[in-house]
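Enquirer: So TrEMBL says this about it:
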{"type": "DOMAIN", "residues": "60-520", "note": "domain 'Major facilitator superfamily (MFS) profile'"}
{"type": "TRANSMEM", "residues": "63-85", "note": "transmembrane segment"}
{"type": "TRANSMEM", "residues": "97-117", "note": "transmembrane segment"}
{"type": "TRANSMEM", "residues": "129-146", "note": "transmembrane segment"}
{"type": "TRANSMEM", "residues": "158-178", "note": "transmembrane segment"}
{"type": "TRANSMEM", "residues": "199-216", "note": "transmembrane segment"}
{"type": "TRANSMEM", "residues": "236-254", "note": "transmembrane segment"}
{"type": "TRANSMEM", "residues": "290-309", "note": "transmembrane segment"}
{"type": "TRANSMEM", "residues": "329-349", "note": "transmembrane segment"}
{"type": "TRANSMEM", "residues": "361-380", "note": "transmembrane segment"}
{"type": "TRANSMEM", "residues": "496-516", "note": "transmembrane segment"}
Amino acid sequence: MQPVCAPPFGNVRAFSHSQTMSEWDRTTQANRTTRIDYLAAQRDIRLNRDEDAYRSRWRSIRVMYFTMFLSSVGFTIVITSIWPFLERIDSSADASFLGWVVAAYSLGQMVASPLFGLWSNHRPCREPLVCSIFINVSANLYYAYVYLPPSERKYHMLMARAFVGFGAGNVAVVRSYVAGATSLKERTGAMANMSACQALGFILGPAMQAVLSLIGETGWHLDVMYLQLNMYTSPALLAAFFGVVNMLLVTLVLREHHVDDHGRQIRAINYVSEERVEVPSDDDGDIDQLAVVTSNVLFFVILFIFAVFETISTPLSMDMFAWTRKDAVLYNGVILACIGFESILVFLAVKVISQKIGDRLVLLGGLIVIFCGFFILLPWGNHYPKIQWADIHNSTTPQAMAPISNSTVEPTGCPAEQTWCLYTPAVHLAQYITSDVLIGVGYPACNVMSYTLYSKILGPKPQGVYMGWLTASGSCARTLGPVFVSHTYTLLGPRWAFSLICGMVLAAILLLAFTYRRLIAFSVRHGRIQE
């Protein structure tokens with residue numbers, strides 16, 4: 001029996017002069033109907049194939065959303081408890097060393113991002129993703145056991161955070177994949193969704209830490225595993241569990257997809273096949289390197305200022321508002337969770353606003369809002385912070401300024417060894433909250449617009465290495481930001497620290513204004529799509 005989809009080319013038979021015209025018409029009509037059925041069947045097959053590819057593509061993109069979410073959770077779930085945990089396990093650590101511990105995460109990410117990006121350019125992105133997530137899981141387990149070594153525990157915490165950051169270098173792979181798997185029209189929405197997942201990590205990470213702080217500093221001892229399960233170790237263990245779930249999703253669900261700026265499915269550069277890989281012809285043309293450098297600089301500034309903010313929030317609140325370690329972890333966890341929720345609303349708004357006014361104006365507006373946020377945070381007035389005098393009575397030795405280990409009351413307030421505490425006005429709680437709100441608006445808008453513009457500037461070319469450099473610039477900012485603010489804040493106080501940040505944001509605004517016309521999409525620059 002002949003298949004339905006086969007063309008009926010052999011069905012035409014010769015007609016004698018005795019056959020009537022009606023028989024010829026009926027046969028011709030039957031042949032035409034069969035051919036139409038064949039073409040319709042072929043069309044249905046193509047539509048089903050395209051629909052399956054579309055569903056698979058967006059399933060894979062959603063796995064990338066989840067990966068970005070977990071990367072954010074892995075950073076923020078312990079950020080508010082690092083300082084009190086560091087003080088608890090190693091009394092020799094100070095606020096300056098805290099900056100190095102926070103920066104270690106970003107330093108590891110800065111080193112790993114170009115490497116994972118290069119890997120994803122030539123191999124299926126599943127490989128670098130699984131490898132990086134495994135490193136992340138192992139590093140979180142290492143962090144949960146940093147109290148075990150008999151000495152130099154602060155350096156073990158430093159190494160653990162560096163390896164967690166190295167595993168988080170897969171952010172470059174995530175951004176590259178999403179940029180390559182979306183059309184130019186889809187990209188802003190996809191990048192905004194990815195940033196929303198990142199913001200959700202900023203919500204749930206501190207929120208989880210705040211909930212887990214109810215376990216307390218003592219918690220439970222699991223002698224079989226040599227584990228102290230408390231408010232400091234449980235977040236890292238939870239992050240490790242999430243990493244295992246992420247590895248399963250990447251292995252079982254993720255598939256390679258690549259589309260051009262119009263959304264047409266094309267063969268991925270890193271597709272593994274015995275056939276020769278054809279590079280899509282739409283990538284002809286050069287990339288505007290000035291726009292690439294500008295985008296990296298702007299991304300550096302944006303990540304730098306937020307790294308400063310999240311690093312200094314706990315020490316600043318403990319100094320200005322006389323909060324205890326437990327209160328600082330709880331309250332700042334709630335504040336960062338609220339900022340994360342605010343960021344999700346901003347991402348939803350950005351998807352609509354950017355379609356009306358463009359990506360560049362949204363980025364400029366976000367930088368202006370961030371400038372206002374840090375300007376408001378500058379100390380003023382005649383109200384000074386409470387000073388930690390309790391532990392320096394009847395003693396003039398420097399050691400007496402440190403909290404006494406067997407004291408029943410935890411000293412609170414601004415440490416007397418920070419001399420600026422004696423003459424610098426306190427930051428009011430209203431200033432702190434207002435600054436949080438403004439930065440919570442400006443940062444997410446700048447964040448999503450910066451790498452959305454960057455991916456559009458690069459166009460359909462393989463973006464793994466370029467995204468690796470973008471992530472590395474952000475990681476460099478996260479490395480230098482905490483070190484800068486911890487030293488500047490400790491030595492000079494909040495007035496100098498936040499004034500310098502305001503100057504940096506102002507310089508970024510001027511840079512964006514000078515290069516505004518160069519920050520356009522690859523296809524727009526080469527005249528293939530109208531802006």
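Positions of Cβ are set from backbone N, Cα and C atoms, glycine also.
Annotations in TrEMBL come from automatic prediction, not curation.
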Enquirer: Does the transmembrane segment (97-117) come near the transmembrane segment (158-178), with 3+ Cβ pairs under 8 Å (pairs 6 or more apart)?
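Expert: Since 3 or more Cβ pairs under 8 Å link them, the transmembrane segment (97-117) and the transmembrane segment (158-178) do come into contact.
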Enquirer: Quick test of the contact rule: Cβ under 8 Å, at least six residues beyond the ends. What residues does that give for the transmembrane segment (199-216)?
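Expert: Those are 68-81, 229-231, 234-235, 238, 326, 329-330, 332-341, 343-344, 346-347, 444, in sequence order.
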Enquirer: Counting CB pairs under 8 Å, which listed stretch among 63-85, 129-146, 158-178, 290-309, 361-380 touches the transmembrane segment (329-349) the most?
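Expert: The listed stretch sharing the most Cβ pairs with the transmembrane segment (329-349) is 63-85.
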Enquirer: Given a Cβ distance threshold of under 8 angstroms, which distant residues of the chain, six or more beyond its ends, lie next to the transmembrane segment (129-146)?
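Expert: Hits for the transmembrane segment (129-146): 67, 74, 78, 89, 112, 116, 153, 156-157, 159-164, 166-170, 173-174, 226-227, 233, 236-237, 239-240, 243-244, 246-247, 250-251, 254.
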Enquirer: Let me spell it out: take the transmembrane segment (290-309), skip the flanking residues so only those 6+ beyond its ends count, and list any with a Cβ under 8 Å from a Cβ in it.
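Expert: Tertiary neighbours of the transmembrane segment (290-309) are 102, 106, 363, 367, 370, 374, 439, 443, 446-447, 450-451, 453-454, 457-458, 466, 469-470, 473-478, 480-482, 484-485, 497, 501, 504-505, 507-508, 511-512, 515, 518-520.
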Enquirer: What same-chain residues lie close to the transmembrane segment (236-254): Cβ under 8 Å, and 6 or more beyond its ends?
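Expert: Residues 59-60, 63-64, 66-67, 70, 73-74, 77-78, 125-126, 129-130, 133-134, 136-137, 140-141, 143-144, 167, 208, 212, 229 contact the transmembrane segment (236-254) from elsewhere in the chain.
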